[in-house]
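As recorded in Swiss-Prot, the features of this protein are as follows:
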TOPO_DOM  1-11  topological domain 'Cytoplasmic'
TRANSMEM  12-32  transmembrane segment
TOPO_DOM  33-78  topological domain 'Lumenal'
TRANSMEM  79-99  transmembrane segment
TOPO_DOM  100-117  topological domain 'Cytoplasmic'
Amino acid sequence: MPLIPPPNPQKTYQIAVLALGLVLLLAFVLISDHSPKVGDHLHNLPFGGEYKDGTKTIKYFQRPNQHSLSKTLAKSHNTTIFLIILGLIGTLHGLHYFSNNRRISSSLHCVLCQNKH
């Protein structure tokens, strides 16, 4: 069966542009810094902290054990990704095992013409 292009490729382009837009939006949300900004134009404390000089004192909330918290979140993030991948593999294996056409999909026969290639 020869591959032929779709009669109207505009839908393909619309889907590609929509997917690219969603990826860019997701990247912007995940990468950009949305933390509150504290301080003035000379003394900026975006992640909390304390600044003192002769005439000015700025104290802003600093998370306790920020570095150990970020390490814990990174470890749990890696574990979550591993469990999602393992779950997807298990789901695909289960779908293959319990599918109605298991005889055809597990053999080396072509699904379309039932011949060996």
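Each residue, glycine too, has its Cβ placed from N, Cα and C.
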- Item | Remote residues contacting the topological domain 'Cytoplasmic' (1-11) - C-beta distance under 8 A, at least 6 residues beyond either end | 112
- Item | Per-residue pLDDT averaged over the topological domain 'Lumenal' (33-78), given as an integer | 66
